[in-house]
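Everything on this sheet refers to the single structure shown next.
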């Protein structure tokens, strides 16, 4: 009985051993295959993150048929010196938006720019009239108020100055007027530093008439000031004019012009006659338009003479249904001045006027 049991149990041992060996071998192969797949998947994951091509560290013998289509990885170390494939273009970075102090605005609305032209003088010469007349032109955009940048507010910087300007299109000229620039010693250099190509407009007027107009304006604000005669002379008997009084000093045009000619050529400065601006506004504005390099849009059809004020006004236009004249402060009746005082001042200004005529090449006929 014992033999049978042993006999029946004995013979199957080789087959069982073979089965166990086969199972062990299969298990080992599967383990190795899984390990290979894990390595492969790890490489594939990294290659996807880094944009590298898929590869295997090395084909396993047991999984060779399954993975034979996958190429082996390149050996570690520096990559061969061959051209690499272009990387995918990076997302476009939006351009930074310009601040309000810089050039700003849409093409339709225009852009705030530093002025290309300035009305720099002179006070009580007719600068407001020139500004209002030139604003009718479609190719000009002008600041309505006087910014006083180059004399009082220069410390605020050009960005502040630009922020005050009206928006203009590429085809339009930006313009501002501050009459006190002409007599400000630092203004020519400061404007030159902004742009040496700036075009300058100077509206001049008989210096005696200009001084009386200046005094009349001051008198309307300060009724208790001394008389015109008292302010004009240090010693009237000797004919000594007080050049420290601003109303007198402004009319010494030749003296102030010297400062401007140190920085700007004469061809870059245009002189408007305050007298002709009254008698022939279209002619004077035609020359202004030529100087600015724009077509002659403003003509006789834009003006009519206002007898009450004594100077021309703008007719109604498409943008304004009513005629437009300068404000109440313009066209005041001048105070009466002793004719002898006027004659003395004419003699004082005569050499300055002659030098001014010779410098600019125009005779304004103030004598």
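Quick reminder: no glycine exception, Cβ is built from N, Cα and C everywhere.
Database features, via TrEMBL:
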- 124: active site, for sulfotransferase activity (ACT_SITE)
- 124, 125, 126, 127, 128, 205, 213, 330, 331, 332, 333, 334: 3'-phosphoadenylyl sulfate binding site (BINDING)
- 73-83: compositional bias 'Pro residues' (COMPBIAS)
- 84-101: compositional bias 'Low complexity' (COMPBIAS)
- 313-325: disulfide bond (DISULFID)
- 115-350: domain 'Sulfotransferase' (DOMAIN)
- 59-110: region 'Disordered' (REGION)
- 20-38: transmembrane segment (TRANSMEM)
Nonlocal neighbours by CB distance (under 8 Å) for residue 126 (3'-phosphoadenylyl sulfate binding site), same chain, sequence gap 6 or more: 203, 205, 272, 274, 277, 278
Count of other CB atoms lying within 10 Å of the CB belonging to residue 128 (3'-phosphoadenylyl sulfate binding site): 19
Entry from the binding-site residues list 213, 333 having the most other CB atoms no farther than 10 A: 213
Cβ packing number for residue 313 (disulfide bond), 10 Å threshold: 20
Lowest local Cβ density among 124, 325, which the record lists as recorded positions, within 10 Å: 325
Rounded Cα separation (Å) that holds between residue 333 (3'-phosphoadenylyl sulfate binding site) and residue 124 (active site, for sulfotransferase activity): 13
Cα-Cα distance linking residue 128 (3'-phosphoadenylyl sulfate binding site) and residue 325 (disulfide bond), given in Å to the nearest integer: 11
Residue 128 (3'-phosphoadenylyl sulfate binding site) and residue 313 (disulfide bond), Cα-Cα, nearest whole angstrom: 12
